[in-house]
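Database features (TrEMBL):
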- 32-444: domain 'Cation/H+ exchanger transmembrane' (DOMAIN)
- 21-42: transmembrane segment (TRANSMEM)
- 54-73: transmembrane segment (TRANSMEM)
- 85-102: transmembrane segment (TRANSMEM)
- 108-134: transmembrane segment (TRANSMEM)
- 226-248: transmembrane segment (TRANSMEM)
- 268-292: transmembrane segment (TRANSMEM)
- 313-331: transmembrane segment (TRANSMEM)
- 351-371: transmembrane segment (TRANSMEM)
- 392-413: transmembrane segment (TRANSMEM)
- 425-449: transmembrane segment (TRANSMEM)
Amino acid sequence: MAIDHISSLFAKLQALSTSDHGSVVSMNIFVALLCACIVIGHLLEENRWMNESITALVIGICTGILILMLSGGRSSHILVFSEDLFFIYLLPPIIFNAGFQVKKKQFFVNFITIMMFGAIGTLISCAIITYGVAKTFKKIGIRSLEIADYLAIGAIFSATDSVCTLQVWNCMIQVLNQDETPLLYSLVFGEGVVNDATSVVLFNAIQSFDINQINPSIGLHFFGNFLYLFTTSTLLGVFTGLLSAYIIKKLYIGRHSTNREFALMMLMAYLSYMMAELCYLSGILTVFFCGITMSHYTWHNVSESSRITTKHAFATLSFVAETFIFLYVGMDALDIDKWRFASDRPATSLAVSSVLLGLVLAGRAAFVFLLSFISNITRKSSKEGISFRQQVIIWWAGLMRGAVSMALAYNQFTLLGHTAKRANAIMITSTITVVLVSTVVRPFVYYFYFPPKITSDHYG
């Protein structure tokens, strides 16, 4: 009787889903789930098998199952995925906080290696994944994809999830801690952010060119456009950060109001991201370097109370955005419309997911060990080099695929969140599978290879 009552209530909510009231109800439920993620994540803080991202993912999946049951198999989520929601509202605070909190000395000491891993490594990984899917997909029954789709898949699955990567590793015996293992932390963290930016720039560049007419001049133009986006986006972020420092220092805003200082920093950081997107640049790179510049210049020009406020406020905004993303990914993993197409050919869907996971492994291995070897040759002392064990850690650390891959996959293979082609539906479900497997399984693999008694001293 109680179940029938709940089902009838949920049916009413479904009927109201297009109204303002329905949206308010959905948001209330989602905010309540966010609170549950925070509370449960806190209770599981000491559990080395779980972290906050995995907790949000699991809660999202459980909620999706419940909604699926109550709706009679019609829907698994209470909010419709929106690319704009992700790229405009959720991603900027995460990336900005990443730049704001990073240890700048270690980041710039290893800047060349980070750029090699994040930019050149992403291009190598993209090439391997593109070549792999082009050769194997037709053999397993995916024949409707074009060259542009293969290149887009390469860019999509070259994008790591840097923030969730560091959450997992910091929860696991603090192996990647900024103070204890600065080299590992800066390489994994810096490579992850630059990798995400490179993947998005690469994806946008692929979509803007006519791939069917490839020739040397197109290739040269493509590389030039990529270099232009990379350089211009970085300079825009640095300029915005310096401008905020100049304004706060010259106008003495701190004498009047801490709120004004914090508001100006937050709004100018967001402005840098939106200006980059408006100019068709990389908002990720722009807001990341804006965060680095603000933490080095602007932060030292504000009052003491503003320093405390900005540090915790930016971290909190980033934390809530991360939790929101993984909660939704968990719920969307059970989207019945996408799985209905894929379920007609479960063997094909499983084969596609397996091929993509294998290519992600191969793509990272191809550049991590090669570029680490090149980096070690250029270092003055062998003690400063990247050991083989550290290379393995860097390889595993970048295997996680997350919200950036999801958003790019939706952009390429759906229209307003919906799929009409079987091949596209299989690509979406395979992306979800790769994200879930790489997020949930990797801590277990790490635990197997690196027992909990090992500390940072063992890594030199």
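Here the Cβ of each residue, glycine as well, is placed from N, Cα and C on the backbone.
Any TrEMBL annotation is an automated prediction that lacks curation.
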Proximity verdict for the transmembrane segment (268-292) and the transmembrane segment (85-102), three or more C-beta pairs under 8 Å: yes
Beyond the flanks of the transmembrane segment (226-248) by 6 or more, those residues with Cβ under 8 Å of it: 119, 197-198, 201-202, 204-205, 254, 261, 264-265, 268-269, 271-272, 275-276, 279-294, 296-298, 301-302
Recorded stretch, among 85-102, 313-331, 351-371, 392-413, maximising Cβ pairs under 8 Å relative to the transmembrane segment (21-42): 313-331
Non-local residues, at least 6 beyond the ends, that sit with Cβ under 8 Å of the transmembrane segment (85-102): 162-163, 178, 186, 189-190, 193, 196, 269-270, 273-274, 277, 283-284, 287-292, 294-295, 299, 310-311, 314-315, 317-318, 321-322, 324-325, 403-404, 406-407
